[in-house]
Amino acid sequence: MKRILEVKNLQVDLPTANGTLRAVRGIDLHVNKGEMLCIVGESGCGKSMTSMALMGLLPKRAAITAEAMQFDGMDLLSLSKKERNQVRGMRMSMIFQEPMTSLNPSYTLGNQLCEGIIKHKGLSREKAKERAVYLLERAGVPYPEKRLNQYPHQLSGGLRQRVIIAMALMCEPDLIIADEPTTALDVTIQAQILRLIRELQQEFGTAVIFITHDLGVVARIADRVAVMYAGQVVETASAEALFANPLHPYTQGLLNCIPIPGKTKPGSHLASIPGVVPSLIGEFKGCAFENRCSVSTSECRRRTPNLAIKPSSADHQVRCPEVSLSFQEAV
Amino acid sequence: MLVFVTRRLLVALSVALTVSIVSFLLLHFSGDLATSIAGPDATAEQVEKIRVEFGLDQPIVEQYFHWLVSAVQLNFGRSYYFQDTVISLIRERLPITLTLGGLALGLAILVAIPLGVIAAIKQNTWIDRLALSFAVIGQAMPSFWFGLTLIIVFAVNLHWLPAGGNSSWQHFVLPAICLGYYAMPAMMRLTRTGMLEVLNSDYIRTARSKGLNESTVVLKHALRNAVIPVVALAAVELGFMLGGSVIVESVFSLRGLGQLAWDAISRNDYPVVQAVVLIIAVFYIALTFFADVLNALLDPRLRVR
C-alpha cells in the first residue's frame, strides 16, 4: 500500500517557565492512502501536539525536529511558508475538537466553506458554492443551500461539526487530521458524526488520522491504531490485532478500564491504572510507564526501550523490553 | 436587522428625551435664574420684570414643554450675554468643533488600529514595546502641554503651520494631532488586547488550517472580531471630544462649541448652556446608535436583540 504520510523520530519541545517540556519524544508513524489511523492516548500524552506539528500549526515558541516528515514525497519541514500553506488546506485539512468555537462568528458559513477552495484552486464563487452545497448535503446538513447564508450561531453544535467536516473535504484532501472531533458533542450526536466520518472517508478514499482518548471509538472506526503514552508511541498495530492481542502493559491497562456490558458488575469499581503520568519537563531516562507498570523490572528504569517488531506480524510493534524479550524466546 | 435598528432608534429617542428633561431641570434648580440674569445690582421690580419677560413665572412643566417645542424647531431663544440668537451662535461654533473632532478621531483611528494590530502580531517584541510606550506617553501627557509644545515646535520654530485661529484647513492640523493623540492610546490598547485574544481563538486556528495567507487570517478573520469594542469606544471618544475639547480649543484659539459652553457657563447664559448640553447629548446618542448599528453589521450575533 502506498504511504501518504511518513514520520520518523518527530520531536516537539515547548519552553515553559520550569524548563523545556518534551511534549513529543520521538514519534514514528505512517499513514497509508485511504486508511484510518487512530492515535489513542490520555490527556497530555502529546497526541494533539503531534497533529499540530503535522499541520504546521504549532505555536511559534515550539521547537520541532524530525528525521523525516514526508507527505506524498514532499519533505514538510523543508517547505517554504508559502508552499506549506499550499499543502495545508488543499492536500491536508483538519477537523477540530470544538465545533462551537471553531467557526468565525462574523462570516457566513458559505464564505468560510468557500474561501479555501477559491484560494487554492482558483474556483469561481458559484462553482465553490456548488461544491459546498454538495458536501453539506453529503455531511447530512439539512437545507444546504440555505445554510450558506447563515451564521455559525444559528446552528447547533452537531450541525456545526458537520459543516466543519464538509469544510475539511472541500479541496479533496489526501489526508484529514481529526483531533477529537466528537469529544464536545452529545453521545447520540457522537455516534452519528463517527459514522459520518467513517462513511465519507471510505467514499472519498481520504486517509484520516483520528485522534481520540476513547478506545470505544477506536474499536468502531480504526484500520490501524497507535497508542501514545508520555510523548511516545508505545504500541502500534492493526485495530484487529490490537484489540485481540494487546501487548504493551499500558494498552492492556486501558482495555481493562473499559466496562463490558453483562460482564462488569453494576456498581462495582471500574478498573484503573494506578499512578500518574511522569513530568515530561527536562531529560527523561528509562521507560515512561515504568512507575505504573505491573511487569516493570529495575532494568526498565535505566534503559529507554525502543519499538520492537512482533515476529509474526511486521505491522505490530511495541515499546516494552519485557514484551520484546518474549519475542526473542518465541524465536 | 430592521427590527434591530427600529428598536435602537426608539431607545435613542427616549434617552434623548430624558436628557432634555434632566438638562432643563438641572439649570432650573441651580438657583433663581431671574436674579442671576438681572445681576447683583437689580431691584426687586427689575427681577420680577425679567421673570415675567423670560417666562420664568410659569409652572415648570409648562416651561419645559415650551422650551422643548422650540428646541425641536431649533429655536433656543436669545443668548443673555452674546447679542445674538443661540442657534446662530451654535451654527457658527459647531462646524469648528465637528471638524476638529472628526479630524482628531480619524487620525486616532488611522494610527491606533494599525498600531494595535502590529503590536499584537509582534507581541513582546521591541515593536510592541515601542507601540505601548507611545500609548503611555499619550495618556500621561496633559493636552494643554502637548498643544503648547506643538505650537512651539511647528508654528514658532519651524513656521510650518499656524499657531491658532480657524481660517484655513492648516489651522486644524495641530489641534487635531493634539486631540487625536489624546484619544489614541485607549483605542490602540483595546485593539491590541482584542487582537491578542482573537488570534488565540479556535476559529483563527481553523482559518490557518485552511492554508489561507497570513494577511487574510489577520485582516479578514481576526481584525473584524477584534475591532468591535473599538467601535463603541470610538463613538464615546468622539462624543467626548465634541463636548470636552475646551482645553485644546483654547490653546489653539479655536472658537468652537467647547469655548462657547465655557463662556456661557461662567456667565450664567442659561439658554446657551441648555442648547449646548442638549446638542452634545444628542450627538452622543446618535453616535452610540451608529456604533450599535455598525457593530451589528460587523457581528451578526448582535443583530438578534
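Every residue gets a Cβ built from N, Cα and C, even glycine.
According to TrEMBL, the protein carries these features:
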{"type": "DOMAIN", "residues": "B:94-291", "note": "domain 'ABC transmembrane type-1'"}
{"type": "TRANSMEM", "residues": "B:9-29", "note": "transmembrane segment"}
{"type": "TRANSMEM", "residues": "B:96-118", "note": "transmembrane segment"}
{"type": "TRANSMEM", "residues": "B:130-156", "note": "transmembrane segment"}
{"type": "TRANSMEM", "residues": "B:168-184", "note": "transmembrane segment"}
{"type": "TRANSMEM", "residues": "B:230-252", "note": "transmembrane segment"}
{"type": "TRANSMEM", "residues": "B:272-298", "note": "transmembrane segment"}
Cβ under 8 Å, sequence separation of at least 6 from the ends of the transmembrane segment (B:9-29): give me the contacting residues as numbers and ranges. 60, 63-64, 67-68, 71, 270, 273-274, 277-278, 281-282, 285-286, 288-289
Are the transmembrane segment (B:168-184) and the transmembrane segment (B:96-118) close enough that 3 or more Cβ pairs fall under 8 Å, when only pairs 6 or more apart in sequence count? yes
By Cβ distance under 8 Å, which residues at least 6 away from the ends of the transmembrane segment (B:168-184) in the same chain are close to it? 99-101, 103-108, 111-112, 135, 138, 141, 143, 146-147, 150-151, 154-155, 161-162, 237, 240-241, 245, 248-249, 251-252, 254
Take the transmembrane segment (B:230-252) and find every residue of the same chain, 6 or more past its ends, with a Cβ under 8 Å from one of its Cβ atoms. 96-98, 100-102, 104-105, 108-109, 112-113, 116, 143-144, 147-148, 151, 163-165, 171, 174-175, 178-179, 182-183, 186-187, 190-191, 194, 258-259, 261-262, 280, 283-284, 287-288, 290-291, 294-295, 298
